[in-house]
2 protein chains.
Amino acid sequence: MSSVVRKFCSYHTLKKRLPILRWLPQYSLQWLRMDLLAGLTVGLTVVPQGLAYAEIAGLPVQYGLYSSFMGCFVYCLLGTSKDITLGPTAIMSLLVASYANHDPVYAVLLAFLCGCIQLAMGILQLGFLVDFISYPVIKGFTSSAALTIGFGQVKNILGLRDIPRQFFREVYFTFYHIAETRLGDLVLGLSSLLLLVLLKMMKNHLPKQLHRLSLLDRVCHAIVHFVGTARNAVVVITASLIAFCFESQNQHVFTLTGKSTQGLPPFRLPTFSDTASNRTVSFSEMLQNFGAGLAVVPLVGFLESIAIAKAFASQNNYRIDPNQELLAIGSANILGSLVSSYPVTGSFGRTAVNSQTGVCSPAGGIVTGVIVLLSLAFLTPLFYYIPKGALAAVVICAVSGVFDLRIVATLWRVKKLDLLPFLASFLGCFWEIQYGILAGVALSGIILLFNIARPEMKISDYSTVVVQFQSGLNFPAVEYVSDLLYRRVLEASPPRCVILDGLHVSSIDYTTVNGLRELIQTFQQHNVSLLFSNFRPKILSILTSAEIEGLRYFDSTETALGYLHGDDHTHELDDREKPLLNQTERLYS
Amino acid sequence: MSSVVRKFCSYHTLKKRLPILRWLPQYSLQWLRMDLLAGLTVGLTVVPQGLAYAEIAGLPVQYGLYSSFMGCFVYCLLGTSKDITLGPTAIMSLLVASYANHDPVYAVLLAFLCGCIQLAMGILQLGFLVDFISYPVIKGFTSSAALTIGFGQVKNILGLRDIPRQFFREVYFTFYHIAETRLGDLVLGLSSLLLLVLLKMMKNHLPKQLHRLSLLDRVCHAIVHFVGTARNAVVVITASLIAFCFESQNQHVFTLTGKSTQGLPPFRLPTFSDTASNRTVSFSEMLQNFGAGLAVVPLVGFLESIAIAKAFASQNNYRIDPNQELLAIGSANILGSLVSSYPVTGSFGRTAVNSQTGVCSPAGGIVTGVIVLLSLAFLTPLFYYIPKGALAAVVICAVSGVFDLRIVATLWRVKKLDLLPFLASFLGCFWEIQYGILAGVALSGIILLFNIARPEMKISDYSTVVVQFQSGLNFPAVEYVSDLLYRRVLEASPPRCVILDGLHVSSIDYTTVNGLRELIQTFQQHNVSLLFSNFRPKILSILTSAEIEGLRYFDSTETALGYLHGDDHTHELDDREKPLLNQTERLYS
């Protein structure tokens with residue numbers, strides 16, 4: 001008992017659960033310098049993105065910033081990846097829009113519940129569950145979400161109002177109302193988009209070698225690099241300034257963000273009931289309204305975060321601990337809900353910025369968090385003037401990289417069957433996200449089970465039939481195998497002897513054992529030999545423990561063949577047998 | 001097009017779909033004699049069983065007979081097994097009790113819908129679905145059902161009234177009211193039970209060789225054999241006669257069946273709405289009330305029938321066609337619903353009687369059906385006097401053979417893991433049948449997927465690590481394998497070269513390919529060699545089609561080892577390597 005207590009209270013466990021203890025003792029001034037720079041750069045990205053993503057989630061803009069700081073602080077204590085930054089993301093915002101009815105009370109409660117579920121999953125070590133979501137399913141879902149999110153911003157670029165949010169209706173009504181496009185919004189939106197693309201290209205085309213440049217060139221390089229990295233902030237500020245100029249002359253040509261609550265969010269527990277249209281909605285009713293969201297949001301949040309963390313861990317040569325990541329992201333969501341955050345996860349774009357700017361530890365997140373807090377404290381009055389078109393451009397640029405249909409060509413080339421789960425989740429997610437993911441996961445599961453139910457067999461069909469199972473022999477396959485042997489052997493004339501070769505059989509269960517027993521009986525009734533050979537010791541011990549009457553086993557297929565022909569031809573092999581033997585030998589050489 | 005039409009209209013297809021065309025041309029007088037005898041014997045069993053099973057289903061007794069004749073006629077035309085007899089069974093009656101609210105309108109509609117679903121499954125060739133119900137799950141369900149059914153009759157033996165039907169409450173209230181036991185019922189019930197057991201034992205102990213017996217002995221033998229086979233009818237008739245004598249002297253000591261509708265059932269479509277307590281229940285509401293029953297009843301019905309058909313086909317050396325069986329049982333249920341039948345399936349006990357009496361073709365069913373019709377036409381007034389205790393004894397005897405917990409010992413010996421799905425379905429079915437079956441199927445599926453997610457690997461860990469996968473390499477396993485290689489190889493000092501041996505890998509998917517790509521990258525970053533060897537051509541072509549950078553493949557593990565050591569030691573093998581090579585060679589010999 002006390003050893004268990006010691007185990008759980010040891011410094012090693014503490015370091016495992018509070019990864020900050022691992023890197024803090026090594027912290028240096030050099031690290032501080034890099035973390036400050038990276039944190040600042042990420043901060044300049046997260047503020048405009050947060051405002052834009054709140055619009056995707058269907059919430060007032062300030063909720064994007066409410067969601068952007070707590071995750072940074074918590075992850076600094078609990079996270080195992082130096083690069084990742086937690087905060088609002090496009091895909092999580094889309095999920096929040098689906099499940100939280102565009103109501104901040106629901107969104108904040110969802111963050112709290114999502115955090116609790118993720119924390120529980122972490123404690124129960126359930127991180128492995130995401131192993132069952134295959135790559136094609138993830139690609140299908142993210143591509144579908146990127147398209148939904150990207151198209152959802154077209155209405156803001158066009159300045160259209162009152163467009164519904166369900167994807168198909170959104171597409172229909174956007175085109176239906178396209179004549180109502182507002183010129184000011186269109187010009188500003190497209191210009192913002194153009195500027196973002198240009199700045200990104202400029203940054204990507206900067207020369208990598210700095211040491212051969214003059215001082216002036218280096219200063220220019222630094223400026224272009226900074227402007228390119230902070231392009232979201234640059235575009236939003238520029239667009240807001242333009243909007244401010246027009247507004248101050250009473251020219252209302254742009255659709256603006258408008259009034260928002262000012263200052264820092266209150267620190268309080270999420271509310272567990274909602275008052276909508278003069279009726280109090282109880283907690284259990286809210287839970288029912290979330291429905292599948294309570295499974296989808298925590299799982300997708302974890303999946304997104306872990307996928308990003310793994311990608312950067314692999315790139316920068318360190319390992320992350322999936323279950324510790326669950327604890328970190330769960331705690332971030334729970335604590336975030338106390339400051340009116342909606343569910344957060346790792347952001348691919350900002351993590352890339354963080355990594356490229358050379359962050360050295362999760363402490364960079366503290367700087368980012370402070371910048372968000374400062375923006376909330378002092379800049380909220382200015383949010384009024386941010387044009388929606390500029391935010392839409394930020395979103396479209398952020399998700400354009402996620403939408404990637406090249407995977408279709410790759411899957412076609414590598415494994416056509418994997419296109420099915422991809423298409424199921426891609427198409428399904430346009431309809432409803434949970435159904436899309438579920439359909440994809442179910443289809444990939446069915447493909448797995450189909451492999452089990454219809455196992456590949458190598459059948460060498462001469463005067464003796466040698467059947468080599470190419471994989472496991474599990475219960476869904478029993479009927480198929482018996483049937484095949486019946487048709488190929490017992491119904492053929494003359495019926496031939498059969499050797500079942502179990503070289504590749506890695507697992508077996510009671511239903512299979514029972515099926516083999518019946519098979520042996522049937523063969524005995526027909527007076528045809530059925531021999532077993534080459535099974536692994538583990539499988540063989542299961543077969544013998546079942547005490548099957550008439551089970552004849554040989555260590556190798558050759559011995560079994562010799563036995564059969566010893567009966568018929570006093571150890572002389574049939575001429576027709578030789579090619580088989582050669583083939584069988586080849587299998588083992 | 002016309003060839004397709006020809007294919008579907010050919011005489012061959014017709015014979016496949018109407019199996020009567022296969023055996024009718026060979027029909028002989030000898031067959032007729034045997035079929036008459038078997039049909040008569042089964043008829044004498046099905047009449048008392050039908051009356052008893054109706055009680056399990058919670059329906060008036062005559063519904064048991066309504067369900068007993070149409071299946072025989074239809075199966076004669078469409079069935080592929082000579083032995084099987086369709087009709088009411090204990091387990092189907094229990095299912096009907098669960099899903100049809102003890103209301104004949106529901107029960108008949110359930111038969112109709114169940115038939116439609118089975119017919120559709122047959123047309124869509126979905127018979128393979130039952131392959132996914134493993135033997136332990138079936139055993140768990142049937143043992144649980146047998147116990148539920150058997151205990152459900154204890155109240156009738158004791159003469160108790162108003163006992164609820166849910167298993168746990170039934171047990172509680174049966175013991176709670178045990179003081180109210182009626183002596184007459186108890187004596188009659190136990191005597192019936194005793195008589196049934198004695199008659200069965202007498203029949204089983206009859207000598208097999210008849211030719212050495214005298215004529216008198218042969219006559220006695222025939223009488224005992226007949227009485228033993230028709231023991232259900234003998235007991236019910238005897239008990240009814242006793243009850244009639246007491247009743248005619250106004251002594252009401254037994255609980256009797258009481259009034260029932262007389263004569264043949266009406267021939268009409270099932271009603272698609274119900275009038276319960278002055279409220280009309282619409283068709284969609286009835287569907288909702290059936291709930292999971294619409295999946296469980298057709299599936300279990302088919303499963304029961306196919307399991308019995310297969311067992312007797314294997315015993316008597318013929319094959320059945322599962323999809324044709326689905327068509328037969330589906331049609332039997334649809335046509336049965338026109339004569340107020342509740343869902344039917346193959347009965348194990350009566351099929352055994354049929355087979356033992358030497359039935360030669362499904363024509364025996366016609367005789368059985370005619371006997372049931374005659375009973376309905378002429379005997380229904382007499383049903384009034386059948387004591388419930390006698391029927392309860394018939395049921396208890398019928399299900400006692402199904403309850404079989406020896407499977408627990410067998411599973412413990414052969415494969416302990418299979419106890420989990422057994423226990424899940426055994427215990428779950430006491431609560432609700434659909435949850436029990438679902439839990440069992442889900443658990444066996446999880447065990448299958450666990451094998452996929454945590455594949456066995458044979459790791460030879462010397463200066464070079466050789467990892468031989470023991471089964472497939474599918475997406476749920478990718479993280480596990482990468483993680484293991486990372487921990488065992490890259491985190492070890494010094495890091496060693498790795499050879500992945502794919503001899504036993506039978507399937508691979510895109511997620512795995514992608515995971516291997518990342519693994520190769522990680523190894524390259526660490527400057528550690530990762531080689532592939534021994535994959536089958538099919539798998540290799542998938543790997544190469546993915547154009548993985550840095551994939552190094554060798555035809556055999558030996559070549560790969562030679563390559564590695566050619567680098568380091570100019571083709572001389574490290575001494576520590578030799579045991580590994582031996583081991584690897586052993587694997588292929």
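Any Cβ shown, glycine's included, is placed from N, Cα and C.
Feature annotation from TrEMBL assigns transmembrane segment to B:64-84, B:105-130, B:183-201, B:222-244, B:290-313, B:325-344, B:364-384, B:391-413, B:433-453. If you look up TrEMBL, you'll see B:463-543 marked as domain 'STAS'.
DSSP labels the residues of the domain 'STAS' (B:463-543) in these numbers: 39 helix, 17 strand, 25 coil.
Only residues 6 or more beyond the boundaries of the transmembrane segment (B:433-453), in the same chain, are considered here, and those with a CB under 8 A from a CB of the stretch are 94-95, 98, 132-134, 136-137, 140-141, 144-145, 291-293, 295-296, 300, 417-418, 420-422, 424-427, 471-472, 474, 476-477, 480. The stretches the transmembrane segment (B:391-413) and the transmembrane segment (B:183-201) meet in space: the count of Cβ pairs below 8 angstroms, excluding pairs fewer than 6 apart in sequence, reaches at least three.
Counting residues 6+ beyond its ends, the transmembrane segment (B:183-201) has Cβ neighbours under 8 Å at 156-159, 227-228, 231-232, 234-235, 238-239, 242-243, 246, 253-255, 387-390, 392-394, 396-397 in the same chain. Beyond its flanks by at least six residues, the transmembrane segment (B:105-130) meets 57, 59, 63, 67, 96, 99, 270-272, 274, 286-287, 289-290, 293-294, 297-299, 301-303, 306, 322-327, 329-337, 340-344 of its own chain at Cβ-Cβ distances under 8 Å. Counting C-beta pairs under 8 angstroms (sequence separation of 6 or more), the transmembrane segment (B:290-313) fails to reach the transmembrane segment (B:364-384), with fewer than 3 such pairs.
Listed as Cβ neighbours of the transmembrane segment (B:64-84) (distance under 8 Å, sequence separation of 6 or more from its ends, same chain) are residues 17-20, 23, 46-47, 49-55, 57, 111, 265, 305, 308-309, 312-313, 316, 318-321, 324-325, 327-329, 331-333, 335-336, 338-344, 346, 351, 354-355, 359-366, 368-370, 372-373, 375-376. The average pLDDT computed over the domain 'STAS' (B:463-543) stands at 87.
When Cβ-Cβ distances below 8 Å are used as the criterion, the transmembrane segment (B:222-244) is approached by residues 41, 44-45, 47-49, 51, 188, 192, 195-196, 199-200, 202-204, 206, 254, 256, 353, 356-357, 382, 385-387, 389-391, 393-394, 397 of the same chain, each at least six residues removed from its ends.
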